[in-house]
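J.: Attaching a single structure in structure tokens format; questions to follow.
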Amino acid sequence: MTPNDRREGTKLIVTAAIFLALSSTSVLLRALAIRIRKSTWKNHDYLTALALFCLTCYAITAIVGVVAGAYGWNITTVPMDKLVISLKAFFASEWFFVVAVAAFRLAILCLYLEIFRGTVFRWCTIVTMAIVTLYCIASILTVALLCRPINANWNIMVNKTCGDVAKTEYASAGFNLAVDLLIVSLPMPIVWTLQMPKEKKVSVTAAFLLGLVTAGVNIERIIQTKTCDQTNTTYCTLDASILVMAEITCGILVSCAPTLGPIFFRARANTYKPPSSGRRGLRTFGSSGRFRPRRKLHVDTLLNSLDDELGQTEEGPKTDTHQMTHIVSPGGSHHTNPGEIRVQSQLSVQESVVPEQRV
């Protein structure tokens, strides 16, 4: 083992620790946001947790490949025992990669279904979920059947039949790139038609556009597959493992970002003081008796943040059309200005109850 090999192995261990710290922190914040909302875990929460679990397992197998195996070594200098460990670690890590990628993508798409409405968008999201699921199944079959018998993945002494690993890597990275771009672009037209402040639209867009980083990682994977000799398995596996962990980490961050509103907007919720529900003031004769709807503190599903705005939907504002009839009690008024009488004591009843009364 050369000093350069040792440095390469250290690079993987450090990056794995950073990626695990970022992903774990984002999932813990997501759990805290669920607690603040006093909500329960939903499908997209469990899928994100599954992606974190798979990332952890992938990082462990990669570290084993560095410490006990020969990740980062030139394959011509690797002892047989370390080569076997490296190939076993790589084969095991592929399963975690496939499941993790499918998990964070399905988590994002399930979150889309909860946040956004619209029949066309819903069906587009469901079709994308079906594509992700079918690709996950195809990837599992590819990992299991690329080399036969299965122990040929780590035992180079047996007679084996293997597919083209390089073509498989190209297909995987290219398809992942296309799916990432599709998932990122899916909600953009809807976000900018929502009735919410422009600043929030920008923040929501930025949260979803983090998925472009995942697409960038897949582009780098294509470049790495092109530039690295795939027959030098132990050497190429180190950089490939770092890129895979980066992709999974970005996916977890993207799936968590839109759910962290209750944490970052918590101060607004604590400082907000709702209007008093007591007496609204003195009414004069001749007033319509109608009250404007007061502003309510709405919890916006998007980013789960608190917005002080009138209750409105995409179909338009909803107003309260209750008409109130004011009955003046005897002796409950006094003159203030010539020609004006103010009511001090009044009883408000619904017009639907006493439709004939008018003041």
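Cβ coordinates come from backbone N, Cα and C, glycine included.
All TrEMBL annotations are machine predictions without curation.
From a predicted model like this one, the values you see are computed outputs, not experimental measurements.
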J.: Can you identify, from 12-34, 81-103, the stretch that TrEMBL calls transmembrane segment?
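T.: Checked against TrEMBL: transmembrane segment maps to 12-34.
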J.: Would you mind listing the long-range same-chain contacts of the transmembrane segment (204-223), meaning Cβ under 8 Å and 6+ residues beyond its ends?
T.: 108, 169-170, 172-174, 176-177, 180-181, 183-184, 187-188, 191-192, 240, 243-244, 246-247, 250-251, 253-254, 257-258, 302-303
J.: Could you name the stretch, out of 12-34, 173-192, 243-265, with the greatest number of CB pairs under 8 A to the transmembrane segment (46-75)?
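T.: So the stretch in question is 12-34.
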J.: Near the transmembrane segment (243-265), which residues from the same chain, at least 6 beyond its ends, have a CB less than 8 A from one of its CBs?
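T.: Contacts with the transmembrane segment (243-265): 15-16, 19, 22-23, 26-27, 29-30, 32-34, 36-37, 44-45, 47-48, 51-52, 54-55, 58-59, 62, 93, 97, 100-101, 104-105, 107-108, 111, 115, 176, 204, 207-208, 210-211, 213-214, 217-218, 220-221, 224, 300, 302-306.
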